[in-house]
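What Swiss-Prot annotates here:
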REGION    1-189  region 'Enoyl-CoA hydratase/isomerase'
SITE      Glu119  site 'Important for catalytic activity'
SITE      Glu139  site 'Important for catalytic activity'
BINDING   Asp296, Asn500, Tyr660  substrate binding site
REGION    311-729  region '3-hydroxyacyl-CoA dehydrogenase'
BINDING   Met324, Asp343, Val400, Val401, Glu402, Lys407, Ser429, Asn453  NAD(+) binding site
ACT_SITE  His450  active site, for 3-hydroxyacyl-CoA dehydrogenase activity
REGION    708-729  region 'Disordered'
Amino acid sequence: MLYKGDTLYLDWLEDGIAELVFDAPGSVNKLDTATVASLGQALEVLEKQHDLKGLLLRSNKAAFIVGADITEFLSLFLVPEEQLSQWLHFANSVFNRLEDLPVPTLAAVNGYALGGGCECVLATDYRLATPDLRIGLPETKLGIMPGFGGSVRMPRMLGADSALEIIAAGKDIGAEQALKIGLVDGVVKQEKLIDGAIAVLRQAITGDLDWRAKRQPKLEPLKLSKIEAAMSFTIAKGMVAQTAGKHYPAPMTAVKTIEAAARFGREEALNLENKSFVPLAHTNEARALVGIFLNDQYVKGKAKKLTKDIETPKQAAVLGAGIMGGGIAYQSAWKGVPVIMKDINDKSLNLGMTEAAKLLNKQLERGKIDGLKLAGVISTIHPTLDYAGFDRVDVVVEAVVENPKVKKAVLAETEQKVRPETVLASNTSTIPIRELASALERPENFCGMHFFNPVHRMPLVEIIRGEKSSDETIAKVVAWASKMGKTPIVVNDCPGFFVNRVLFPYFAGFSQLLRDGADFRKVDKVMEKQFGWPMGPAYLLDVVGIDTAHHAQAVMAAGFPQRMQKEYRDAIDALFDASRFGQKNGLGFWRYKEDSKGKPKKEEDAAVDDLLASVSQPKRDFSDDEIIARMMIPMINEVVRCLEEGIIASPAEADMALVYGLGFPPFHGGAFRWLDTQGSAKYLDMAQQYQHLGPLYEVPEGLRNKARHNEPYYPPVEPARPVGSLKTA
């Protein structure tokens, strides 16, 4: 053994070839600060081996290196800029030493090589991969850019266009694509990976392969003519501006850095990468996006822990076909759980099957599946008008009309047709589970399972624990949602649960703005362009359905009369009374017509202004800041109340439910991350300016306490130790 660290070791393999093996104590290898330091120490040993002829890098895990240790990021990002820059210089000196070894080097890559893992293998001369490879640089999705030389080496290896596509989008690609663009030199089966790697190294050692020529382009300026450079970077910047926008600075920074570094050799180019990375790491956007990644891991880990002793349902059923029922049935079947879809008439069943078939055909058109797979999936969806087969069902979700009487009748009838241990769930969006459970003989086997529309796209499923729901019931439904590829978040029961409970105060803020003379078009523009929502409130209401919102508004008002009971007729009432239900009937705040692809396209409709004038004061202008404050304060206050009341268990789960269920702008990180970023005291000062608008604007006492003591909602993060103690020598 030449060297043994905590996460890697170095040993002789054969005939002058050494192997450096990543072998962390846990289930995966991460390129954390300790591993970078250990790699430097291993290279120091290697550099003294006079009989060294070649080096093989490999992993003892199912994946090569999954990336940097993102749990370190928040503390690293708090380190002063100069110290973070010094540490990056040290880390890059390690990878440069790997690249500068006087012998050929090869990385044998199995499974994932992402982020720092990808940057590590870019420093070797050759790369062999297994067919299950996923390789790429996802840093821009975390609000940063490659910092271990990825923005320097990848363009010089692949050419500007291919590298820009991967880096700016934060993409990872598979083995076939990686081989095609030259990111790997060969693809071999797992069992032949090491033999293949040694064979390539031997060819390089004997001179049959010119490893020096392979290495040289990575050390030099990017080979691009002025015209090629202008085209590549202009197109890349245009695409990034269109897709990322101003709220996500990392992709544009990465493109501009690669452009600026193109005329330099490795050392100067790495300095430019460093100068761009460090300021990005200190942005609120980076902290928010890293926070989302960590929260996602926390939520998924919690679901995994909850279901560790539970068998995933093998047969499911959906009550109520149509678009929602068909979407749920498709998702279950697509992910491998056969499903019975029951309705009371053929028309609805046909609609549900048509929806499932449409979604499968889209997969076929995109080349994701073939005809055989399509037929196999659709054959596991069984439409029926009766309860045949329900005695074999493990879990049933009811997705009928949002009417408590109808839901209770359907659930009570179904309970008599299934086994005693079968779990029943309701896809209600607002009706308390306690109320629906009152119709059942086995309320302990019942809970809520709130999908979001469209089911195949929206990652969140709210799992609602009723007062009598058993732990096993919740675990079974969480297991099914996870199997469907969804992110289940368990919440406690109340009208609207979590997501809709916090959404309707936001809509109430919108209604009050319109009542006071705001133009809905400006409100939408500000909330989309300035705050960053994917849709403004008027457009969102049109998509949800004005009739749906009108009904849900009444349910929420009955549930929380002190805050959500209106004392005036609002825009939603006016549109509802005029039968303007939104996209579903072509008229809402906007008029809708189908575009060439059959999708609804919104157009101005002057008639709506006359309609809204009857429920609004004369038009007046509001500043962007005032619009954002009046829209967001009711939502933030309600989110905080939900945490204080135990409706949602943690800030992390609340923020992920908002991002995955409502499209809360990821660069803000969620409501609690947004609160922590600006500080509770600053938020309180802002909110108090609007408390005259009513109870929805009154800040909860718990938040006032946070403001008084300057306490964040997320646990405080300490800056990483000074760079000198990060094992940098």
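A Cβ is built for glycine as well, from the same backbone N, Cα and C atoms used for every other residue.
Recorded features from Swiss-Prot, shown on the structure.
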residue: Met324; record: NAD(+) binding site; DSSP class: helix
residue: Asp343; record: NAD(+) binding site; DSSP class: coil
residue: Val400; record: NAD(+) binding site; DSSP class: coil
residue: Lys407; record: NAD(+) binding site; DSSP class: helix
residue: Ser429; record: NAD(+) binding site; DSSP class: coil
residue: Asn453; record: NAD(+) binding site; DSSP class: coil
residue: Asn500; record: substrate binding site; DSSP class: helix
residue: Tyr660; record: substrate binding site; DSSP class: helix
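Model confidence over the region '3-hydroxyacyl-CoA dehydrogenase' (311-729) stands at 95, taken as the mean pLDDT rounded to a whole number. Reported as a whole number, the C-alpha separation between Val400 (NAD(+) binding site) and Asp296 (substrate binding site) equals 31 Å. Of the listed binding-site residues, namely Met324, Val400, Val401, the sparsest CB environment within 10 A is found at Val401. Cα spacing between the residue listed as 'active site, for 3-hydroxyacyl-CoA dehydrogenase activity' and Asn500 (substrate binding site): 10 Å, rounded to the nearest whole number. Taking every pair among Met324, Asp343, Val400, Val401, Glu402, Lys407, Ser429, Asn453, the residues recorded as binding NAD(+), the greatest CA to CA distance is 20 Å. Across the residues annotated as binding substrate (Asp296, Asn500, Tyr660), the two Cα atoms farthest apart lie 21 Å from each other. Residues near Tyr660 (substrate binding site) in space but far in sequence (CB under 8 A, at least 6 apart, same chain), listed by position: Met458, Pro459, Leu460, Thr487. Annotation note: Glu139 (site 'Important for catalytic activity') sits in a helical segment as assigned by DSSP.
Cα-Cα distance from Asp343 (NAD(+) binding site) to Asn500 (substrate binding site): 26 Å (rounded to the nearest whole number). When the recorded positions Glu119, Glu402, Ser429 are screened for a Cα within 10 A of the Cα of Asn500 (substrate binding site), the ones that qualify are Ser429. A 10 Å cutoff on Cβ-Cβ distances gives Asn500 (substrate binding site) a total of 21 other Cβ atoms nearby, all chains included. For Glu119 (site 'Important for catalytic activity'), the same-chain residues that are 6 or more apart in sequence and have a Cβ closer than 8 Å to its Cβ are Leu31, Phe95, Leu137, Pro146, Phe148, Gly149, Gly150, Arg153. Counting other Cβ atoms within 10 Å of each Cβ, the binding-site residues Ser429, Asn453 show the lowest value at Asn453. Local packing around the Cβ, expressed as the count of other Cβ atoms within 10 angstroms, is greatest for Glu139 among the recorded positions Glu139, Asp296, Asp343, Glu402. Distance between Cα atoms for Lys407 (NAD(+) binding site) and Glu139 (site 'Important for catalytic activity'): 46 Å, as a whole number.
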